[in-house]
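Report on the following structure.
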Amino acid sequence: MESGSRPSLGQVILLGTSSMVTAVLYSIYRQKAQVAQELKGAKKIHLGEDLKGILSEAPGKCVPYAVIEGAVRSVKETLNSQFVENCKGVIQRLSLQEHKMVWNRTTHLWNDYSKIIHQRTNTVPFDLVPHEDGVAVSVRVLKPLDSVDLGLETVYEKFHPSVQSFTDAIGHYISGERPKGIQETEEMLKVGATLTGIGELVLDNNAVRLQPPKQGMQYYLSSQDFDSLLHRQESSVRLWKILVLVFGFATCATLFFILRKQYLHRQERLRQQQLQEEFLEHEAQLLSQASPEDRESLKSACVVCLSNFKSCVFLECGHVCSCRQCYLALPEPKRCPICRREITRVIPLYNS
């Protein structure tokens, strides 16, 4: 294959990048779609008096992926908020987040940057109980921190701005980092809050437990109801599907463009080869019919008009095949009629 027919480096990089991005997006889409399908297949169980009876009749006294909703109740002690009075919960998360501006040497802009510099999570055992009074049933929640959607509520949030002197400001400007301050946050799962648990529901020694599911399914302890949770997951699936289609179309369009360019170049090469064969055949026919005196003049004739003598040497290919008038009539960019290489320089040829 000639070098002109090969895809450019930019085209190869574009095709490879778009293909790789499409593959990554498709993998994420498959994972999201699988999670949504698993949520649709989860069994909804009412937190009531018949809960233990339902589990005792289930295979292995277990529902592998169940949905249950109830109110949060501590087993023994509770956690008190450090900043809000009379705020009690069963999970407490304290975070310190640093905010600063970082100079981007590529875009020459200051960009916002934040990172967690300290985080501590405290938990105490808790149950899910029915909202109705007088129902003596509860579900013990195990390993709540393994949940992918822990329904914590922000109960306190305060930003502490950085205090800088003039010399500090100059030093930060030179270093490329300008601190803005520290954000202090407290999140809690309050006692009495409504929680939707999705996981493995097990009856063990007359006690019901909700724990992380097996087989790679996701564990949820969400403040949203099940329908809202499912709708959010399906919306995420649709978004990733659109991204896959967009990048997939871009990949197919790039591949089509490269293949079309290859096809057109091949057709042009075949056409030029056919023209050259027809010319050689016609020249041989003229030579066979011409007298010996005319054969020498025909060999020196321009391959385009066959009337004038060859008077141009084309570089870089070195072919001598055209008169000056036919060379000037060639379309831009000018190419050799024999090999189709671009003509970079012309040397006049003088016939004696």
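Yeah, the Cβs are placed from backbone N, Cα and C, and that goes for glycine too.
Annotation comment: Swiss-Prot describes 1-8, 260-352 as topological domain 'Cytoplasmic', evidence class sequence analysis. Feature annotation from Swiss-Prot assigns transmembrane segment to 9-29, 239-259; the stated evidence is sequence analysis. Residues or ranges marked as topological domain 'Mitochondrial intermembrane' in Swiss-Prot (evidence: sequence analysis): 30-238. Annotated ubiquitin cross-link per Swiss-Prot: Lys52, Lys299, in sequence order. If you look up Swiss-Prot, you'll see 302-340 marked as zinc finger.
Long-range contacts of the transmembrane segment (9-29) within the same chain: residues 237, 240-241, 243-244, 247-248, 250-251, 254-255, 257-258, each at least 6 residues beyond the stretch ends and with a Cβ under 8 Å from a Cβ of the stretch.
Secondary structure at Lys52 (ubiquitin cross-link), as computed by DSSP, is helix. The helix, strand and coil residue counts that DSSP assigns across the zinc finger (302-340) are 6 helix, 9 strand, 24 coil.
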